[in-house]
Amino acid sequence: MSRDSGNDSEVAVTHGEVQEITEENPEIGSMHITQETDISDAPETNTDSSRQRTESTTSVSSESWQNNDEMMSNLRRAQRLLDDGATPLQIIQQIFPDFNASRIATMSENAHFAILSDLLERAPVRQKLTNYNSLADAVELFKTKKHILVLTGAGVSVSCGIPDFRSKDGIYARLRSEFPDLPDPTAMFDIRYFRENPAPFYNFAREIFPGQFVPSVSHRFIKELETSGRLLRNYTQNIDTLEHQTGIKRVVECHGSFSKCTCTRCGQKYDGNEIREEVLAMRVAHCKRCEGVIKPNIVFFGEDLGREFHQHVTEDKHKVDLIVVIGSSLKVRPVALIPHCVDKNVPQILINRESLPHYNADIELLGNCDDIIRDICFSLGGSFTELITSYDSIMEQQGKTKSQKPSQNKRQLISQEDFLNICMKEKRNDDSSDEPTLKKPRMSVADDSMDSEKNNFQEIQKHKSEDDDDTRNSDDILKKIKHPRLLSITEMLHDNKCVAISAHQTVFPGAECSFDLETLKLVRDVHHETHCESSCGSSCSSNADSEANQLSRAQSLDDFVLSDEDRKNTIHLDLQRADSCDGDFQYELSETIDPETFSHLCEEMRI
């Protein structure tokens, strides 16, 4: 949890990215914790202490789409324990027994308050529906459902030439090197940082400015859902306006767009095209009236999200019969909470390059969004197949065809049984290669030997060589023990194939994952800088040659030796996202919270 931006709003920095939490958001807004001290005596919170996207306070009393009984119950229980004198660490241990509190025992109380706040705000764990699993199930859902809610992120625009944010080659990775003074990559969308230094934003803006790109297969698929009367709403986190370019009408641009701009000094309004020249030249656009900096009407951290979003979600949550998340990491609230606000029996599909540890979709289709959507379109047939043909024709006419020709028909599915047989074969081959080679026994020099001094020297060199071999073999074995063999799934996807690696996970080209032959589980490939792909301000080193970086097993607390300075209240928690390896730390915290601030923030969680 981080500081508020007013009496009616509340923010949390959890689950790897800044998340919007306000009193409009009764999941948090209904909560209340206060210490024995009068809340009126609580210190004013510092609006500069955290990045946030907050919603309009005008709809506080009317929006209740994020109610959650479990979170309410936990907060009330935390309130009682706090009133009884329990420490934040003790509260964590009692309310969240599955959380490994021993890992944070040596941290400061302020850090414990921050972690407790984050745990109380975490999105509820969604229970997977057992009757929806396979790619075929997904196709059937698209055929039969009539009120499909599609939530899209940057992944749907990658094939258009627009970089995403968190991949190894994404915008955040490049900002780290190009703007070393940037506190962290997400500061590019911090309204306070923008006012001080708009250059990083304008450096990035050129890459997604409207008018340069052709909508992707994924955009056209969503439009066809709308045309066929199946689309309830497209909630997009993107600001590239490609939904409008595609002709999608039932779209909510959750985070705004470049279509309109405003002077940050005098409020003069501009059309997005009026700053086109400056944006494409990577120059900061200035107001013609007062020379103030012009900002596109994109929702920055620290600005109102707007009322339209909440009104639509409140209406749609009761109508939706299928949720489809395409190309989003679901790390930014409140959009990330949409899958958790609908009826528990509504099936949900994830189409993304990687599995999301904080989101239990019923069906996971992992890989490049367009490759997956193409396969679904071929299965649906009719107008959906025609849109693929039309898209390919446009790309060919514009000379934008890829070196590797996209699939022209449905992919051949490697079944889960066949996949596991391949894994077992690979494991047997790997085990056989690990068998130690027999070496001849070392020969000692007999006392009565009359070998020359030269022979003695050769014998010593022979022993030394064998010892070196032993050392190398030991190192190799140790590596294999620490880092089990990973099977590259992408090698199986040639010749227009996809792989069912589990009952509910199907892998396509572009998936950022491998298969662990030891645990028989899917593991994420590491992006740039291991676990620094989100909004943490700490710097992290990346060792491309390290085998540990093959897995998403970002460092847990076991890997850290915290210095005395780290344990002070100013500690920048090295609790980065641990992804699939440690469920305790599927979020990150950017700062600590003192008890008074914790009390003040929780007071504002009530309706």
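Note that Cβ sites are derived from N, Cα and C of the backbone, with glycine treated the same way.
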Which listed span Swiss-Prot calls region 'Disordered', if the choices are 426-453, 454-481: 426-453
Inter-residue Cα distance where the pair is His255 (active site, proton acceptor) and Arg353 (NAD(+) binding site), in Å: 22
Cα-to-Cα gap, Cys266 (Zn(2+) binding site) vs Gln237 (NAD(+) binding site), nearest whole Å: 28
Cys263 (Zn(2+) binding site): secondary structure state under DSSP, collapsed to three categories: strand
Cβ packing number for Cys266 (Zn(2+) binding site), 10 Å threshold: 11
When distances run from the Cα of Gly153 (NAD(+) binding site) to each of the recorded positions His255, Cys263, Cys287, Cys290, the nearest one: His255
Same chain, 6+ residues apart, C-beta under 8 Å of the C-beta of Gln237 (NAD(+) binding site), given in sequence order: Leu151, Thr152, Gly153, Ala154, Cys254, His255, Ser328, Val332, Val335
Using Cα positions only, nearest of the binding-site residues to Cys263 (Zn(2+) binding site) (Ser157, Gly161, Phe165, Gly327): Phe165
Shell of the Zn(2+) site beyond Cys263, Cys266, Cys287, Cys290, same chain only (C-beta within 8 angstroms of their C-beta centre): Thr264, Arg265, Gly267, Gln268, Lys288, Arg289, Glu291, Gly292, Ile294
